[in-house]
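Participant: Below is one structure. I have some questions about it.
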């Protein structure tokens with residue numbers, strides 16, 4: 001009971017503060033990133049929406065809400081190693097019933113990454129005509145901060161290059177538990193024959209926390225680092241702790 005009350009209190013504090021203008025919840029770099037991502041969605045071949053497997057609804061990328069389910073959009077439930085396995089299976093079944101392509105993954109598990117890479121390559125071959133396979137396929141990773149987009153991009157790049165026996169220095173995107181480290185859209189090659197590149201993008205939050213439950217779930221998962229940094233910046237954390 002006490003834990004639930006604390007969660008509700010945290011969620012309410014985050015929701016109320018996020019609604020205030022100038023609070024810094026939805027930063028200028030997020031607004032710019034959101035515009036850049038929306039401009040590129042129609043231009044890429046596939047979109048991977050990365051979510052936290054523990055909170056698959058609260059970690060949804062709101063800018064995709066207006067886009068209907070598509071065979072070229074894949075919801076990726078990352079951090080399955082931190083989630084309840086039974087609940088993850090139920091969520092995968094739920095999204096399938098909603099006509100959404102969904103895949104559960106642990107971006108730090110090499111075998112899992114290999115399976116996912118094979119899945120992506122199969123989707124590319126399935127949805128692209130034979131004469132189109134000679135052209136480069138682009139896949140954009142989108143999501144809120146700290147769901148593991150950059151970790152997934154790096155893992156796909158590393159495993160993809162090994163599978164293709166390519167030589168040369170590995171590229172990597174910045175991975176950090178703190179929000180805002182990824183500020184630009186960067187590309188990494190993850191496959192050959194056909195050539196496939198992923199575009200890693202900055203994490204973008206919804207301009208406001210929609211409800212108390214969403215706020216509490218964000219603060220009690222890995223996204224809590226993001227929320228705590230932000231709360232500290234608006235001097236709300238001390239107020240909350242002292243009240």
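Note: Cβ is positioned from N, Cα and C throughout, glycine not excepted.
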Participant: Considering the GTP binding residues 78, 79, 80, 81, 106, 107, 146, 147, 148, 149, 150, 151 given in TrEMBL, which of 191, 203 is annotated for that site as well?
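Facilitator: Candidate in the recorded GTP site: 203.
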Participant: Consider each pair of residues in 78, 79, 80, 81, 106, 107, 146, 147, 148, 149, 150, 151, 203, all listed by the record as binding GTP, and report the largest Cα separation in Å as a whole number.
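Facilitator: Output for GTP binders 78, 79, 80, 81, 106, 107, 146, 147, 148, 149, 150, 151, 203: max Cα distance 21 Å.
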Participant: I'd like to know which of these binding-site residues, 78, 80, is least surrounded, judged by other CB atoms within 10 A.
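Facilitator: 80, out of the binding-site residues 78, 80, has the fewest neighbouring Cβ atoms within 10 Å.
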Participant: Using a 10 Å radius around its CB, how many other CB atoms surround residue 203 (GTP binding site)?
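Facilitator: There are 22 such Cβ atoms around residue 203 (GTP binding site).
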Participant: Near residue 150 (GTP binding site), how many other Cβ atoms are within 10 Å of its Cβ?
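Facilitator: 25, counting other Cβ atoms within 10 Å of residue 150 (GTP binding site).
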